[in-house]
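S.K.: The structure is given below, and queries will be raised subsequently.
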Amino acid sequence: MRDYREFYIDGQWVRPKGAREAEVINPATEKIVGLISLGTEEHVDLAVRAARRAFDGWSRTSKDQRLELLEQVCRAFESKLDEIAKAITEEMGAPLVQLALPLQAPAGLGHFLTAASILRDYDFEESLGTTRVVREPAGVCGLITPWNWPLNQIAAKVAPALAAGCTMVLKPSEIAPFSAYLLARIFDEVGVPPGVFNLVNGDGPGVGAPLAAHPEVDLVSFTGSTRAGTLVSTAAAPTVKRVALELGGKSANIILDDADLETAVKHGVRTMMLNTGQSCNAPSRMLVPLSKLDEVEHLAEHFCKEIVVGDPMHSDTNIGPLASGMQYEKVQDCIRQGVAEGAKLICGGLGRPDGLESGYFAQPTIFSAVNKQMYIAREEIFGPVLCIMPYGDENEAIQIANDSCYGLSGYVSSGSLERARNVAKQLRTGAVHLNGAALDFTAPFGGYKQSGNGREWGKYGFEEFLEIKAVMGYEGS
């Protein structure tokens, strides 16, 4: 069992006084696999003050100094990918061979490599006539991250913050805290200066809220639910600090009538079920021509039944458990709601898959004949539940897609790239994937509407951690 009860504050591993202990549960076995400490406002204050003391020195380091440290982090990270992947599998259930090793752990490394690449070529100053425009580190940052892609979400914040010259306090999810602890070890090993990076475990009320509210925190970057994001914004408001939010989604996957139907449905089902549906940008609404609904249902059922649910340590497992008992119950409630509202259940349903007597395993579930008024069409379920929604024409498909309080991602499949591009222009989302295109580490990630504000990834995420200063008369008259 992992004993991760220490915090990392001011370059030291410290056992926090007065902190409660919390058990970390392996969602595949429902057994205790670790212990952490739940911090308090006092621990947050210690970490923030350490970050504040470190800021003046770290913010004045040269680009080359920060780049050298980032490159050391990348080398150390790469050497520990297997260890990190196993920790992710243990803490939140991602299948080791098919997800944690090829995607979850390398995604974290990818953000550090991208941050180093951006920093290498980034110009922090530019001239506008006699005025000099300077980009400077934003300050002390409070970083609050979720459990679904634990290290990916951490690295998407920590890497650009380090590159920009900020100092920080990280609060990872108490449900999946192992990979954050391993990253702190890497920082300690490579010699990140004391106070530049601090780790305080805890829950939202005990650590997240005081971190967002702390007067010495200049910027808060939060990824999680829209409900929690509003609480973070409220806590941060009295100090008028910058707040960047990456929140929920209910992404539409528009399959146009000229698309390769089998390819589009297969990709849509598999992408939806990836990570057991626990991705904010999951294509959870599949919009299909009414004339092809029967064929889509047949294909979707076929591809759904191919998915292997089981022990995340087995190499043939496609999807593992949901990350917690609470999430399992939420998904079950949503499936019940779909049945009660009269949606057509074509695959899956309530309870665990056959042969799995324990663990937070849910059946990959597909509903069809879903309309936009139904709860399952509007709620972010965050589990392996796909809604198939028929439309009459392209304009109606776009209207259905945009009829959501969320606006994180969209997906379009078409035999005509030009047609797909035209639909993409009309979607009110922060990203659109055309014909199965993958995510891009250099592209911005973030949403419209209640999916949040600000952007992560690439230079766009890097610039979130910079302030802009205008120095007039810099060149003289």
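Yeah, the Cβs are placed from backbone N, Cα and C, and that goes for glycine too.
So Swiss-Prot lists these for the protein:
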- GLY202, ASP203, GLY204, PRO205, GLY206, VAL207, GLY208: NAD(+) binding site (BINDING)
- GLU246: active site (ACT_SITE)
- CYS280: active site (ACT_SITE)
S.K.: Same chain only, sequence gap of 6 or more: which residues have a CB within under 8 Å of the CB of VAL207 (NAD(+) binding site)?
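M.R.: Non-local contacts for VAL207 (NAD(+) binding site): LEU38, GLY39, THR40, HIS43, VAL44, LYS171, VAL200, ASN201.
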S.K.: Using the structure shown, find which entry in GLY202, GLY204, PRO205, GLY206, GLY208 (the binding-site residues) has the sparsest Cβ neighbourhood within 10 Å.
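M.R.: Output over binding-site residues GLY202, GLY204, PRO205, GLY206, GLY208: least Cβ neighbours within 10 Å is PRO205.
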S.K.: Around ASP203 (NAD(+) binding site), how many other CB atoms lie within 10 A of its CB?
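M.R.: The answer is 16 other Cβ atoms.
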S.K.: Looking at the recorded positions GLY202, ASP203, GLY204, GLY206, GLU246, which has the shortest Cα distance to CYS280 (active site)?
M.R.: GLU246
S.K.: Translate the DSSP assignment of CYS280 (active site) into the three-state scheme.
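M.R.: Where CYS280 (active site) sits, the three-state DSSP reduction gives coil.
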S.K.: By CA distance, which of the binding-site residues (GLY202, ASP203, GLY206, GLY208) lies nearest to GLU246 (active site)?
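M.R.: Closest recorded candidate to GLU246 (active site) by Cα: GLY208.
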S.K.: Where does GLU246 (active site) sit in the DSSP three-state scheme?
M.R.: strand
S.K.: Starting from each candidate's C-beta and looking 10 angstroms out, tell me which of the active-site residues GLU246, CYS280 has the most other C-beta atoms.
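M.R.: That would be GLU246, with the most Cβ atoms nearby.
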S.K.: Neighbours of the NAD(+) site GLY202, ASP203, GLY204, PRO205, GLY206, VAL207, GLY208: Cβ within 8 Å of the Cβ centroid, same chain, sequence order.
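M.R.: Close Cβ neighbours, site residues excluded: LEU38, GLY39, LYS171, GLU174, ALA209, PRO210.
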S.K.: Reduced to three states, what secondary structure does DSSP give ASP203 (NAD(+) binding site)?
M.R.: coil
